Each structure stands twice: as C-alpha cells, then as structure tokens.
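J.: Following this message is one structure expressed as structure tokens.
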Amino acid sequence: MAKGEGSESGSAAGLLPTRILQGAERPAQVKKEPKKKQQLSICNKLCYAVGGAPYQVTGCALGFFLQIYLLDVAQVDPFSASIILFVGRAWDAFTDPLVGFCISKSSWTRLGRLMPWIIFSTPLAIIAYFLIWFVPDFPRGQALWYLLFYCLFETLVTCFHVPYSALTMFISTEQSERDSATAYRMTVEVLGTVLGTAIQGQIVGQADTPCLQDSNGSALASEGTNHTQSATSLKKTQNAYLLAAGVIASIYVICAVILTLGVREQREPYETQQAEPMSFFRGLRLVMSHGPYVKLIAGFLFTSLAFMLVEGNFALFCTYTLGFRNEFQNLLLAIMLSATFTIPIWQWFLTRFGKKTAVYIGISSAVPFLILVAFMKSNLIITYVVAVAAGISVAAAFLLPWSMLPDVIDDFHLKQPQSHGTEPIFFSFYVFFTKFASGVSLGISTLSLDFAGYQTRGCSQPARVQFTLKMLVTIAPIVLILLGLLLFKLYPIDEEKRRENKKALQALR
C-alpha cells in the first residue's frame, strides 16, 4: 500500500559522507562563539513535506488499479499481465541501489547535488506515468508497451524520491529541525496514499466498465448492437483512466514545483573531509550475518506478502467474487482512511506496550476478518466492516517495520562497534526484498488467474476464477500472516533487550 515510506530515507543515508553519519561521535571542539541556530519556517517544512506526496499518490494508484486495468480495460492476456507486474516490481527493486550509487557520484551544481535529479526526472516521469494508462492502437505490441513504460516510470520516480529523501540532511544543519521536517513529511505521505486511492478510485468508479455476457442463442443483430455499445462504454472507461492519470500527474508536477521553489539545498561543510567508507560488500556480509536482522526481514517479508496479495487482487475480488463492481473504489477508500486515522493509535500502543506486542496484535487482527470474508456470502455492510478492520492492520504493517529496524541497527552497533556507515544497507535491502517479493506475489497471482480460466471483460467469471480470487485475498494471506508471526517468535529484541541496548549504547558513546 504504502510502498515503504521510510525505505528511501534509510537508503538515502548512503548518499552522505561517512563523516556526516558519524558527526555525533566527534569529540567536542574548543568553545567558540555560539552559532545562531538555523531555523526552518513552517512554510519551508511544508514545502519539503509536499515533495513526498508524488511517490505515494502514484504508488497507490498503480498498486490497487494496474492489475484490473491491464486485464479488463487494456485487455492484456493474464499471462502477459503477470510478466508486466512481476518484471516492473522487480526492476523497481533493483533501481533503488543503482540510482543511489549514481547520485553519490554526482557533482555539486548551482542547483545543488540532489535538486537536478528531482527537477529533470519530473517531466519524463509524468510522460511515462500518463502512457501507462494509455491504450495503444496496436494490440499485438501492448504487453511490450506497458512493460516499457511501467519500468521507465519506476526508474524515473526513483530518481525523484531517493534524492528527495536524502534532501533531509541538506535542508538544515540542526537535527531537531530535520526531525521536525520529517514529521511533516510522514504526515503528508500518509495523506498521499489516501489521495491516490480516492482520486483514482472515484474517477474510474464513475465509468461503467463494459463486460461481455454469455450470448447463448442471441440474435446476430442484437450481438452487433451490444458490441457497439460495449466498444463505446470501453472507450469511456479508458478515458476515465486517462483523466485520473492526468489529475495525478498534475499533482505530481505541482508538488515538484512547490518542493523546488520552497526548499533550498545547502552544501554540507564536511563534504571535503570524507573518511574512507567501509566497502559495500564487507558491510553487506556483516549485515546479512546479523541474526536479529535476518529474522526481522523474514517475519515482515511474509506479513508484507500477505497484504500485497490483498492489495493487488482486491479490485478483482470485489468485482467478480463479491459482485460489488461499482463499490470497490469506496471500499478501498474506507481501508486507507481507516489506516490513516489509526497510525497515531498504533504509535501510542507500541510505546506503551512494546513493539513485539504491537506486531502480534496489529498484524493478527486482520485474520478473523479475512476468515469471515472467506466463508460469508456477498454482504456489502459486512464488507465495509471488514475494510475498516483491514485498514487497522494495514496501519500496523505500515508503521512497525520502520519502528523496529532502528532497534536492530542499535543491536548491530553494539556487536560491531567499529562498523560505521552500514545503516543504508539495513534499510535498502529491506526495501529490495519487499519490492521483489511484491513483484513475485503479483506475478504469481495473475498467472494463477490465467490457469483458472480468467475471461477478459467478462461480466462474471467461472467458478474456478472466483475461488482462486477468494484464495488469493483470504486464505493465502492468512497462512502468510501466521507464518510471519511464527517467525517473530524467534526475533530476540523485546522491550527489555531494547532498553539494555539503549543504555549500553549511551555508555559506549
């Protein structure tokens, strides 16, 4: 859902010199005349925060709607759609470290070192995003068209969001100001997920997507009339997707302009005093041999896969299994609004009762409602209740990984006190595994629909397709959630261990 909001912040730290990351460890200098603290205005913080919206708005629209768009509007066959979704997500996973490496080699310009990437990637990203939702006139080359522009957009949006996340370290030299700006950013990013779901869902939901009824014994003239009406209705649906793409693209541009005009990138004074950083592969070997990190990744990998399966197949499930063809956009909005309002509650809960307890209660709270959906008959009121309950679990899954990763890093630093600058590896490889797994889940689920006999543009689907969708949205996520929670039993950092690590780190520093 949310595509891993804290991820680029972590990986972006790799763009910074090691000396900056170790700034807190330098011995105190001889006292000089106190510097005036650099304050960021509320306007500066808001302009910075707005820059986080494009990634979330476009990510939500693609995550919830791309699969049903490819199958029912663009009429790509299910096998080709599974290739597009898998390769696009897998490519997105690989571009994060690649773009980060390229940015780290960039020179300082009059606009800064990060801002040129944001400015010049924006118009190209807008074009690529718009073309994802355009149906070309050559049916035989459609799969290649969507694969090309999906991968291109994911590359360009990474070129925007990775430097944007790194910009946190260059908007102020005061840590308190950076923290405050980050809080503004996270608020806007959460609102961005709601905005993306609402815009795409409400615009597309107004169009009556045409479907083909079984025409046993229908008259030829009637078939021709139905075909003409269907073609007209399909064109309206395609135009609705283009309109939604245009609105979201406009928001992308507006946010990029506000960010560029309202935020000034400052050159870090320590850039000329870099220490020799640890080799990437040595740091990777140390990180991947750290037990708590491996167990945390494994646990969240299974639970993330569960929610990704629900996200990717939810529109098809509502349309064909539950029969709510004209309601799924409202159900999506209910999920995202519920998640938005419950994030502060989970933040309070994990500080009050501990993070492992929050994981068990927050993630497992989706299971009874998924079981209810698996066995109930179509009921709109119950489905809305389940959507709200799912949003509560989504909020926990959204927040908890980024709350627990710092605890793992603290534990690592205690065991490897000489290994500095490894923080970006912890964050970026969590993102890599999550995005790659997302591609696998979408590819396999779409391929499963192909094997089950999915009928493109059908008003209804065969019983095997409906059963497959029910398995993908209910039973498979339940199994993955239970496996993930079982792995969390092996995760060794509870609240007592976390407090011990905190005291030990304070003594070490």
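Just so you know, glycine gets a Cβ as well, placed from its N, Cα and C.
Okay, so TrEMBL annotates it like this:
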type: TRANSMEM; residues: 114-135; note: transmembrane segment
type: TRANSMEM; residues: 147-171; note: transmembrane segment
type: TRANSMEM; residues: 240-263; note: transmembrane segment
type: TRANSMEM; residues: 296-319; note: transmembrane segment
type: TRANSMEM; residues: 331-351; note: transmembrane segment
type: TRANSMEM; residues: 357-375; note: transmembrane segment
type: TRANSMEM; residues: 382-405; note: transmembrane segment
type: TRANSMEM; residues: 425-447; note: transmembrane segment
type: TRANSMEM; residues: 467-488; note: transmembrane segment
J.: For the transmembrane segment (296-319), give me same-chain residues lying six or more residues beyond its boundaries with a C-beta closer than 8 angstroms to one of its C-beta atoms, as numbers and ranges.
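T.: Tertiary neighbours of the transmembrane segment (296-319) are 1, 63-65, 67-68, 71, 85, 325, 327-328, 331-332, 359, 363, 366, 383, 390, 393-394, 397, 400-401, 404-405, 408, 429-430, 433-434, 437-438, 441-442, 445, 449, 469-470, 472-473, 476-478, 480-481, 483-485, 487-488, 491.
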J.: Between the transmembrane segment (331-351) and the transmembrane segment (357-375), are there three or more C-beta pairs closer than 8 Å, counting only pairs 6 or more apart along the chain?
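T.: Yes; at least 3 Cβ pairs under 8 Å.
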J.: With a Cβ cut-off under 8 Å, give me the same-chain residues at least six positions beyond the ends of the transmembrane segment (467-488) that come close to it.
T.: 295, 298-303, 305-307, 309-310, 313-314, 316-317, 320-321, 356, 359-360, 363-364, 366-367, 370-371, 373-374, 445, 448-449, 452, 461
J.: Going along the chain, which residues at least six beyond the ends of the transmembrane segment (240-263) come within the CB cut-off of under 8 Å?
T.: 43-44, 46-48, 50-51, 53-54, 57-58, 61, 65, 69, 73, 115, 118-119, 122, 125-126, 129-130, 132-134, 160, 164, 167, 171, 195-196, 199-200, 203-204, 206-207
